[in-house]
Structure formats: structure tokens, C-alpha cells
């Protein structure tokens, strides 16, 4: 065949393949949109006042009328708040990536970094960056895009090219940690829990979620006699703190594993190894035997799939350090992802049985899991498969494996993630938290409905075990609280049994690999002034909702109007996520934030409008058919002060 003819034939074949691929992806998106992106018909009457009254719905079948009430709470974790804690996170934060000569260490052939924020808001790997660095400074980092990246919501595998210079190129595992006062003291919850407990109680909440750190109780691997490896004084201190929670009139929700693996377990492989189940059960028995009469709700594992992804698949958290082969094969049936989750599921089942067999409470213990869920959607036509595959790995598998050992399913929800290629897209006209999580209250409603449909045959109730937003300005947080509570209320109206709602968190604290950058607290903390606390306006708004059980039209309107005025005035606020020239967010935090404007968009519950796919091809097709569309192109957002339009 002559060369011109061969080239022409190859070109025709390429066009046919491209057309077929486009058609297939378009069909997939059409199905996905019908199932997941249709406008929510809100069951809330927005002309009513109050808009929501949580006291109108019983949360349980208990005989005690007090137990029938929907409960509000606040949540935290040992690694975030406890001082005098020699845990894996402190070791991780104080490590340097440079050797004694100032040369950058490279412990792995490639670093697998997860771009998805996952849990507790700051659950992302630090990019080991200095604040405000220019994207041009990252030119030596070359992304190697592989299939696994899309499967795990934006894994981005990066290899370092070129030689590293010493000195200024040295970096840290945890952002916004080395540049703040007394970072290792966290919030001094160990030495002075009353500072936090008093603030929590004064909001009016009835449930306080806290944790017990495994490494504090078992600082050494129990290879011989268990007693020789246990810090019994620490166990008694935990019992005293839990008693203090109850003395403040709050019930206790106790987490047994919250993203903190003992350093000694990390050395041998942690949850990749069966013996970790045995060690964990030693820890569980210690805690249950000593404090079960003081605990009302138990969370055995917090976000297990997030911990496994970031530790064993990505090597982004302490206790992991996978090699290139482990990274590449991590999501195969025999890979480390399924392997570690398998042992964690077994540990959950054994812990569940032990708690129920040994509980000293008169009433049956309530034991569950805190499961992280994001609402994910595709940015472009060819991102649908990545979203579907990510959900297939993270949405239901772990809960499915333990659903016969659950008294409640805890939902940790922070927002939405827009997937574009190998990472997460920063959508220009969407509002985001400081840590890069898209604000989308409708997503919580969608998730609750979806989970209820899957597990309603088991009659398992739900608890919102975490929901919060990093926002130092407090302008986003106030409507964020109200709109997510309205989403929860709407789900209850639709028949979802939700026992309660816990906000993350009381005071600004250490947010995993993001350090002290993102501000999640209802209370601001002045780290340079002996950790002085100052309640933000959202603290008092949250307290008003908690004490009355109601969301009023006035509160909603005032919170929204204040945020929109800031957007109209083009005010800016801190943003702790680096973004490349294509609008994709880097996986980790910054030591110092960049500034991002508030966004003019109506993201209130039941108001958010999906604009469709935003890749160039989809936009081009939409432009062609726009003259024939009857859909309104202007969405109006109105209240008694502001009226403006968004094209």
C-alpha cells in the first residue's frame, strides 16, 4: 500500500476510534447524570419558619424520652489535640527530607500522592512546600499518569527529575507546622481537657466525640508479656478525661483508631499484616475493660479506606512507605489496598463482638464506623469512568464487609470533588474550603439517600460523625453549617433514620499533613498567645441551633447575605492548596496560604445547579446547540439586600 494511502487509512481509523470513544463516554455520562446529577427536589418548605425543627423527629426507639431526641455533638481526635503525645504524626512532622549535608532524601523511587482531600478536612499529603511558592518552582516534578491515579480519586505519581540543591530545598512532611508557635503542643487536651470541654459544653451539645491513642497506651510492641508494654497510667488518665466529659453533662462517642498507627507497628507493615489484628484487640480489650461503663457510642475505625490509601497505597502518611511495585499493584484484588482493609474489617468484627460482650452499661452499646464519603463528579467527558471506578473502590466495599456488625453507620462528609484526568479540578465558579474541598450541601443529602437505599434492609441508622469546613474568615462556615443541617433534615423527611450530627470541630487544631494551616474550628486559637481561645460568630450560631433544635429563615438569610456581600465586594480569603496552570490542585498544603476570592454562586441546599461537563469538547458541543435550547441561561439569587445574576 502506498504511503499516502496508508496514512489516509490510518487517519480514518483514528477518527472512527475517536468517534466511538466519544460516543461511548457520552452514553456513560448520560447514564451517570440521570442517576447522580439530577436536580434535587427539596422536601423543605422554604416559606415556612422555622425551616427545620430537629426536635420533631425521634432518633431512636428507646423508652427514655431524652434518648428519642436527635443529638448534636462536636468531634475531635487525639492526633489533633493531645499534647505530650509521641505518636507517628509527631515523628512524621519533625522528620526532615534532607540528610546531614543538606541534600534532599528520596526514600522511594516515586512518591504516590493523593490529590483527594479525605476526611477531617486536612486529610491530604503535604506537598512539602513553602507557602505561596510559584508553580514555576515545581517544574522539576514530572507527573507520571497511570490508571491507578484515576481509580483512587486522583492519585498523582510524581518523580523528581534533576539534582536537588541543598539548603533551601529542604522540606517537611507536614505543611504549616514548623512555622507556627509550639506545634507539638497541639491543643493541650491531654494536660488541660477542660479548656476544650467547657467550650464544647457551652454550645449545648449532648455528645462529645474523642479518641484513645493506641501508641500512648502501648508505646512498645507487645512481643512478650502484654503488661510490660502497656502504659497503665495513661489508661487511667483517659478514664479521668472521659469522666470529665460526662461531668460536663455530655455523652461520649469514643474512637479507637483515628488515623494514628503506633510507630512500632508501622515498622513491620501495620495493617498489611495479620498480627496487627491481634495487637489491636489487645488494645481494644484494655480500653473496653476500663471505660466501657462511661462510653455511649463506639467508633472502631475512622475512615479506614482513607488511612489505607494514604498510608499503604500513596505512602503519604506515616507508617507506609510503599515501593513502586506496591503502588502500581495496590488496587488489584491481591494488592495492599484490599489486603489492609481485609484485616481492618476482621479487627472491626472482633472488636464489635468484644464491646458487646463486655459492656458494663445497662443499655446495649452502640457500635459503628466513621466512613468518609465525598460526592464526586466528572469535570470532562472522559472523566466519567474515573469517577465510577473511584466510587466502586471507596463508596461501599468496606461498609459492605462489616455491615452485619454495625449498630450505626457514621458518615464523614465535607464536600464534593471534581475529577479531571489524574487529579482534582479547582472549578473557578465553585466555592471551596481553605483545604480545597468543594462546598456542596446537596451532596450530603444525596449520600444519605444512596446509603439508605443500600442498607435499609438491615435497618441500620446513620450518624453524621463529621461535617465541617476550614474557613478562617467564618463567612463560609455559618451558611455551611445551616445548609448541611438542612440537607440532613431533608434526608430525615425522606425516611432516612439519622440519629445525630457532629460538627468538626471545636477549636482550630493540627489537620494531619496540612498542619495548622486550614482553620476548622468554631473557636479561633492564638498559638502565639498561650493557645488563647476566641469563639467565632459561627460558634454562637451553632449553639443557637443546638439549643433550640431549629433553623430559622432569619438565621439562614443573614448568614447567606453576609457571605454574598463579601463576594460582591470581591473580598478574598486564605487558600492552602497549590494549583497548577490547568486548574488541578496539588495534593498537599502550603506553609502560607495564597488568596482566593469568595465566589458568587448559590450553593445553598436545593439551589445548586450543575452546569454540565466543562472540558473543551463538551463546551464546544453545548455552544453549538445553545441556540436550540430552551433552558434559561441566567440563574438569579435573590434576598432582601442583594440581587445579581450568574451566567
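The count begins at 1 with the first shown residue.
Each residue, glycine too, has its Cβ placed from N, Cα and C.
Among 271, 504, the residue that Swiss-Prot places alongside 258, 302, 303, 414, 466, 511, 512, 520 at the beta-D-glucoside binding site is 504. Residue ranges 116-140, 141-165, 166-190, 191-215 are listed, and Swiss-Prot annotates 116-140 among them as region 'Disordered'.
Using a 10 Å radius centred on the Cβ of residue 520 (beta-D-glucoside binding site) and all shown protein chains, the other Cβ atoms total 29.
For the beta-D-glucoside site, whose binding residues are given in the record as 258, 302, 303, 414, 466, 504, 511, 512, 520, the maximum C-alpha distance rounds to 18 Å. Neighbour density for residue 511 (beta-D-glucoside binding site): within 10 A of its CB lie 31 other CB atoms from the protein chains shown.
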